[in-house]
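K.L.:
Quick one: the structure is below, questions incoming.
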């Protein structure tokens, strides 16, 4: 990493739109504004609004909450979102990031059964990174486990530090699930660390995405290192709130996660609503419009955006 004497006191803390599931992408912007997050990371998935760049731009403008990162649709549940071709997905994620002013595209390594994509992945990511100022930050994953058996589901490697990428994302729920030495992985990433998914875990085979501070991961120490090492990326709260008993309980968890991040980054948290709250009487953003035909095309929602996407899990 950079000079240990350097400090980065103003690392931005964003909310992943996946953190509000089973609520919608639109709800994530609203919550991020109300709680005072610095921005959002858009998880592109089955919610049509998450796939529609113009709808996202309207939400960002209305709430005053910038899109800081775009998570490409590379989950099992998003195999047909935007395209079935993984390179087309990354091209569309890059275009979305450029249009929305986001600095980062988060991408997972390929599934092992995506053989040609996996063979070309490292060189292809470098090629795409050379074509844009947007960072392609490849995220650490984990072996799938059932009881004492492991399945290596990702290629070339779930431990992305074993391959040569320009930028990495470290996810602290994934380090828990893989039972990795988190600080050693952080050291291996070095100054190529471009993005952080802040969550926690206890080492379960399930990818837990706990609120930071509720598991076994060195979340506070990781954040402390960021402030001392000239980190220039973003910290994104990516936690699982789907079992929250109420909307208020969900927001309490997300407020706690934000306060944890800001405290350990050496930042004071603004009062809820101080960042991004629309002025009284501001018009609501227009609903998403149909953007075309074909696999994964975003269409006009049949319900209010906050009620979209209850049938699949982003985390």
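Just so you know, glycine gets a Cβ as well, placed from its N, Cα and C.
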K.L.:
Between 214-264, 265-315, I'd like to know which one TrEMBL lists as region 'Disordered'.
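P.N.:
Among 214-264, 265-315, the range TrEMBL annotates as region 'Disordered' is 265-315.
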K.L.:
For the domain 'Xylose isomerase-like TIM barrel' (29-262), what's the mean pLDDT in this predicted model?
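P.N.:
In the predicted model, the domain 'Xylose isomerase-like TIM barrel' (29-262) has a mean pLDDT of 95.
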